[in-house]
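Colleague: TrEMBL lists these features:
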BINDING   CYS458, CYS461, CYS498, CYS501  Zn(2+) 1 binding site
BINDING   CYS467, CYS470, CYS485, CYS488  Zn(2+) 2 binding site
DOMAIN    230-395  domain 'Helicase ATP-binding'
DOMAIN    482-677  domain 'Helicase C-terminal'
Amino acid sequence: MEHLITPVSRSSQKLYAEVVINIPLQKVFHYSIPPHLCGTLVTGMRVRIPFGNKIIAGFCVGFTDTPFTDKTKDVLSIIDSSPLIDDVMLKITRWLSFHYYCGWGEAISAVVPPVVRSKKKERWNTFVRLKERTTSPVQDVLIQIKVRAPKQAKALEILLDHSAEINAKELIRISGCTMPGLRQLEKKGFVLIESRLQDTANTSRTIDQLQQHLTLTGDQQKAFDSICKKLLEPKPGVILLHGITGSGKTELYLQAITKMLEQARKAIYLVPEISLTPQTIQRLKARFCKVAVLHSSLLGTVHQSQWNDIREGKVDIVIGARSSIFAPLKNVGLIIIDEEHENTYKQENNPRYNARDIAILRATYENAMVIMGTATPSLESYQQAMNGNYEKIVLPRRIGERKLPPVDIVDMGEEVRKRRGFNIISQRLEYYMKQSLARNEQVILFLNRRGFAPYIHCKRCGFVLKCRRCDIPMTFHKKFNTVLCHYCHAETHPPESCPDCLASNINYRGFGTEKIEDEIRNKFPNYQIIRMDSDSMRVRDAHEKALNAFERGEFQILLGTQMIAKGLDFPNVTLVGVISADTILNLPDFRASERTFQLISQVAGRTGRGTKGGRVVVQSYNPRHYSITYAAAHDYEGFARKELEYRKQLGYPPFGNLTRIIIRGPQEANVKEKSAIIGDRLKEFAKINDNHLEILGPSPAPVTRINNLFRWHMLLKAQNLASIHKALQGNADVLKPSKSVQIMVDVDPYMML
Ligand code: ADP
Ligand code: ZN
């Protein structure tokens, strides 16, 4: 790959530019370089090129003196004055394109944020906030305009909930209201709209304002010594830091960063989701001066100025979600992956990369060290440590000798029999809630399902209200009195009678976070509850505000979806309730047990962190499932042993490799036919070339239709990924999308629906 990096020489040898474009094709195109551009063009710059009968932009990825054809066209012009990506990123994107089976141009486009690619220099932002009014409170206005202008009403409602200014773009996205709609609200005197230049987020502090490091405990010191020893090796490799919740992993990351900075090298700190980790960011900013927080998992909103600051060396530490692994930081010596097991490190559109794998690759190229920390290592990482490829460091105890909380499993089947009916909150959970609340302590409740009722169902004819575009039941959301599809975001009015048989026996079945909120308000009217899910937390810093209010004790009960399972550190929380452990366990996914185990272990980690101790109550219809019993016993090793045995028997990761191919399109017949063609071809290929390769399917995907696209899928399974890569490369012709079907290849998939 080294030849890629050579700049154009002015020697007599004529060179051609190798150019890739943003299309799902692993193809490099050759263009001649006209004399006036020779010497100016280097790899990593964009060029304008004729392509078909259009003129488009492409990335220059290298040079060659042997073009595919002697009728090459000319590069028309060079777009950038300096390269957008450096040599390491060029290598990484090439690897991405091969490994994840996507276009090289697609990979580069994913790595360089659109704001950097666009020419805009300054970014103006528009903010909206409520106008203080003494007469006619906004609530009255809301009722008036709800009928005539429901979207404006929604925007007002969100502003009211949030009680601070909101970025106009964000408000438009969430409420569906348009900018003219917002302007009308302004005209009517309800809101203020203000535009100002976006400030860059780099808060620099002087050294003496910084917080000191904590004195490490014995366990931490031992771990830190191992880290430091490895850190100075020329090729330090990967450390798997397996520390139970509250064992002080974060402190180790911070001190490892200091060690790295002393070596004049820099650090990238990956977290599962940036908006959910305000505590970590606060700790990082309190200790270090030049920290850049990359605020979005989508590179689209990364500020150009921030990107430039990082590139120009003004930043020492970058913290952010998965895409931060591509940050243009120079001289990276350390990459931290906190909560390494989290699914959010996997990107669910092209290129479908896992930031954990990219981190290891980048560290190899830059001779940097990777520290992956977690209380529940993914089985992939655990197996790598068992094989000796990663160094494993264990922190077996909590700071301050705090005990892990006891976990009570409530058998919901038995509960239903005993109480002759279903209650969302079991007697045991209610009992412990009363106890904690009476002692002025706090409670966290967890349910992985948002909305009020996930099924709208007719008692007479059995009709279930499904989305018109997706094969999915719609969820009733009480607050906005609306019915939503959680897949395509379609919205409709709640039906008053059955759309099928016209009976008025419409029944709202099941429960989501919104319903539990109602239930808790009824049961515990004297306590304040705050709900955190993607409905209630749609505005950017809503999470941080909510968590701060909870920390200050303004709320006694925090209720939420998985967004509250990780990382939080509140000493006054003495009870965690898992309303249903079955939501994940019942998914058609080979990782369902692992994810259930992780979830219970993580939520258990949110309690017992102070001196008051803690307790966990897990409600389930599968109380004897090993993922639940091992989690209740805080026995990671036991769980891993059992789960690895199953995975081995079935040849699933970490013992085998999977790739999922999804075929989708508006006509089911076309999708089915294309699936059969691909399936037959791959099976034939496996038979002739590679009898270790298995093709499972094709069959309809578990969710058969999303957004009016029918979906089929198949799984490729092999001991070595090379078998799968060969099959994909060898059959690229049938894997090309056409007008009637789209084809998505997902190497090492996390999404099985
Ligand atoms: P983890 O990341 O493993 O869940 P944290 O790093 O959040 O654990 O540590 C748990 C708590 O213990 C935090 O409140 C942290 O400030 C505190 N802590 C960590 N290390 C020390 C130490 N060496 N001395 C005192 N307190 C510590
Ligand atoms: Zn839908």
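Glycine is treated like the rest: Cβ placed from N, Cα and C.
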Colleague: How many whole Å apart are the CA atoms of CYS488 (Zn(2+) 2 binding site) and CYS501 (Zn(2+) 1 binding site)?
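Modeller: Cα-Cα distance, CYS488 (Zn(2+) 2 binding site) to CYS501 (Zn(2+) 1 binding site): 26 Å.
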Colleague: Quick check for the class: what is the C-alpha distance, in angstrom and rounded, between CYS458 (Zn(2+) 1 binding site) and CYS470 (Zn(2+) 2 binding site)?
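Modeller: Their Cα atoms are separated by 19 Å.
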Colleague: Please average pLDDT over the domain 'Helicase C-terminal' (482-677) for the predicted structure.
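Modeller: Across the domain 'Helicase C-terminal' (482-677), the average pLDDT comes out at 88.
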Colleague: Three-state secondary structure of CYS470 (Zn(2+) 2 binding site) from DSSP?
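Modeller: DSSP call for CYS470 (Zn(2+) 2 binding site): coil, neither helix nor strand.
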Colleague: Beyond the listed site residues CYS458, CYS461, CYS498, CYS501, identify every same-chain residue whose Cβ lies within 8 Å of the center of their Cβ atoms for the Zn(2+) 1 site.
Modeller: LYS459, ARG460, GLY462, PHE463, PRO499, ASP500, LEU502, ALA503, ASN505
Colleague: Just the number: how many Å between the Cα atoms of CYS461 (Zn(2+) 1 binding site) and CYS470 (Zn(2+) 2 binding site)?
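Modeller: Per the Cα atoms, CYS461 (Zn(2+) 1 binding site) and CYS470 (Zn(2+) 2 binding site) stand 21 Å apart.
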Colleague: Say we define neighbours as other CB atoms within 10 Å of the CB. Which of the binding-site residues CYS467, CYS488, CYS501 has the fewest?
Modeller: CYS501
Colleague: Quick check for the class: what is the C-alpha distance, in angstrom and rounded, between CYS470 (Zn(2+) 2 binding site) and CYS501 (Zn(2+) 1 binding site)?
Modeller: 22
Colleague: Once CYS467, CYS470, CYS485, CYS488 are set aside, which residues in the chain still have Cβ within 8 Å of the Cβ centroid of the Zn(2+) 2 site?
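Modeller: Going along the sequence, the neighbours appear as LYS466, ARG468, ARG469, ILE472, MET474, HIS486, TYR487, HIS489, ALA490, ILE706, ASN707.
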Colleague: Report, in whole Å, the straight Cα-to-Cα distance of CYS498 (Zn(2+) 1 binding site) from CYS467 (Zn(2+) 2 binding site).
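Modeller: Here the two Cα atoms lie 15 Å apart.
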Colleague: Taking DSSP as the reference, which of helix, strand or coil describes CYS458 (Zn(2+) 1 binding site)?
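Modeller: The residue in question, CYS458 (Zn(2+) 1 binding site), is strand (DSSP, three-state).
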Colleague: Just going by other Cβ atoms within 10 Å, which of the binding-site residues CYS461, CYS470 has the emptiest spot?
Modeller: CYS461
Colleague: Around the Cβ of CYS458 (Zn(2+) 1 binding site), how many other Cβ atoms lie within 10 Å? Please give the count over every shown protein chain.
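Modeller: Excluding its own Cβ, the number within 10 Å is 21.
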Colleague: How big is the gap, in Å, between the Cα of CYS485 (Zn(2+) 2 binding site) and that of CYS501 (Zn(2+) 1 binding site), rounded to a whole number?
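Modeller: One finds 22 Å between the Cα atoms of these residues.
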Colleague: Name the residues of the same chain, 6+ apart in sequence, whose Cβ is under 8 Å from the Cβ of CYS498 (Zn(2+) 1 binding site)?
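Modeller: The list for CYS498 (Zn(2+) 1 binding site) reads CYS458, ARG460, CYS461, PHE463, SER504, ASN505, ILE506, given in order along the sequence.
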